[in-house]
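Asker: My questions will all concern the structure given below.
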Ligand SMILES: C[S@@+](CC[C@H](N)C(=O)[O-])C[C@H]1O[C@@H](n2cnc3c(N)ncnc32)[C@H](O)[C@@H]1O
């Protein structure tokens with residue numbers, strides 16, 4: 001199969017799994033990308049998949065309107081291939097003949113030769129007539145759109161707009177291995193310009209994305225990819241040198257690695273309830289050169305009787321499971337998969353995690369509650385309710401550089417300061 005055709009075949013398979021079978025974009029791409037040896041083909045596959053998911057709210061109604069009969073339940077692969085075709089013509093503006101030929105050929109390669117003519121006709125019509133104008137709010141399910149508009153009336157249009165655009169590439173320089181300015185010079189030698197940000201001591205920002213393989217010293221752990229908002233966790237928690245730290249929800253390990261890069265003398269226990277995610281934690285810590293400093297364990301943080309040794313922690317990072325509504329620009333499939341019913345369960349799980357981990361904190365210790373959500377139920381309201389039922393907890397204010405004041409914490413909205421949406425609240429236990 002010609003490589004251009006294989007990219008379209010894989011794009012259709014990834015999109016079919018994500019759109020019609022509830023699979024995550026990240027895991028589907030992780031499985032599909034290694035099948036393409038050429039990095040340019042891998043970049044194209046990613047670009048098509050992201051653009052198709054971001055534009056689906058415009059492409060799908062137009063396609064359905066142009067079809068003579070509605071596609072049946074077994075037509076998932078056809079619809080997915082058509083979405084991939086629309087993304088190439090519209091968002092990616094690929095030369096029409098190449099995009100059309102390869103996508104029509106992909107219909108044959110997908111075992112649908114009888115639909116190659118239909119794919120050709122529909123994509124030619126898309127090319128001629130185009131799609132309705134973009135309305136980034138239209139990509140969000142109405143229940144989420146309404147909650148965000150109610151919580152952030154002035155900022156909601158900017159939230160929707162930022163969530164429809166790819167973010168910059170934020171790097172975290174491993175200060176245990178190289179000074180940031182020295183790494184910036186290495187990037188420059190490789191032809192990559194990077195900016196610093198006054199809020200972030202270890203960060204460099206590249207406005208044009210590059211594959212990690214193009215980053216000097218990536219494999220040796222000189223640098224990792226981590227959004228600026230996520231890098232602020234280390235500043236907000238700021239454990240004392242050599243402190244005993246619990247990272248209660250650690251996978252894939254980005255924040256644990258950052259804490260240890262800053263202070264290899266920390267005594268850090270990284271927990272995650274999902275054992276399948278622990279190899280990623282270990283890989284990330286190993287690449288950063290800090291794996292032997294950490295203890296990594298599969299365990300449920302809400303059930304300390306099963307794993308806790310009885311010694312309290314000086315500092316706890318609770319980077320809780322959440323709706324991920326602050327990172328839609330990096331994971332557009334969140335808008336497909338999130339259900340209103342999930343939210344109540346997440347809010348309950350977060351409350352249980354707060355109560356259970358609070359009991360493990362020493363008097364005078366700090367717990368940092370963090371989410372990549374922008375919904376008050378998971379953030380300001382969650383922390384207010386915790387403070388109301390926990391007499392020995394008080395909030396310690398975070399500075400403005402963490403975003404808008406939101407109850408006892410701070411909220412950055414997606415795209416603000418070029419970063420992901422994130423919430424942080426710093427909680428201190430009475431002595
Ligand atoms: C937002 S992610 C953490 C990201 C991580 N801190 C980082 O910076 O790379 C939330 C994690 O919480 C884990 N989790 C959910 N419930 C948990 C529980 N009860 N105990 C421990 N981990 C849990 C999930 O498996 C998921 O990996």
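Glycine is treated like the rest: Cβ placed from N, Cα and C.
From TrEMBL, for reference:
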type	residues	note
ACT_SITE	372	active site, nucleophile
BINDING	249, 250, 251, 252, 253, 254, 255, 272, 300, 319	S-adenosyl-L-methionine binding site
DOMAIN	159-430	domain 'SAM-dependent MTase RsmB/NOP-type'
Asker: Give the maximum pairwise CA distance in Å, whole number, for the residues 249, 250, 251, 252, 253, 254, 255, 272, 300, 319 listed as binding S-adenosyl-L-methionine.
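Answerer: Greatest Cα separation within the listed binding residues comes to 19 Å.
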Asker: In angstrom units, rounded to an integer, how far apart are the Cα atoms of residue 249 (S-adenosyl-L-methionine binding site) and residue 372 (active site, nucleophile)?
Answerer: 13
Asker: On a simple 10 Å Cβ count over all chains shown, which one of the recorded positions 249, 372 is most densely packed?
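Answerer: Going through 249, 372 one by one, the largest Cβ count within 10 Å is at 372.
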Asker: Just the number: how many Å between the Cα atoms of residue 253 (S-adenosyl-L-methionine binding site) and residue 372 (active site, nucleophile)?
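Answerer: Residue 253 (S-adenosyl-L-methionine binding site) to residue 372 (active site, nucleophile), Cα-Cα distance: 15 Å.
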Asker: Under 8 Å Cβ to Cβ from residue 300 (S-adenosyl-L-methionine binding site), same chain, six or more residues apart: give me those in sequence order, or none if nothing qualifies.
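Answerer: When sequence neighbours closer than 6 are ignored, residue 300 (S-adenosyl-L-methionine binding site) has 273, 306, 307 within Cβ distance under 8 Å.
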Asker: Near residue 251 (S-adenosyl-L-methionine binding site), which residues of its chain come within a Cβ-Cβ distance under 8 Å, counting only those 6 or more away in sequence?
Answerer: 272, 274, 277, 278, 280, 281
Asker: DSSP secondary structure for residue 255 (S-adenosyl-L-methionine binding site), reduced to helix/strand/coil, please.
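Answerer: In the DSSP reduction, residue 255 (S-adenosyl-L-methionine binding site) maps to helix.
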Asker: Counting other Cβ atoms within 10 Å, pick out the least crowded of the binding-site residues 253, 255.
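Answerer: Across 253, 255, these binding-site residues, the one with fewest Cβ atoms within 10 Å is 255.
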Asker: For residue 255 (S-adenosyl-L-methionine binding site) and the residue listed as 'active site, nucleophile', determine the Cα separation and express it in whole Å.
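Answerer: On Cα coordinates alone, these residues lie 13 Å apart.
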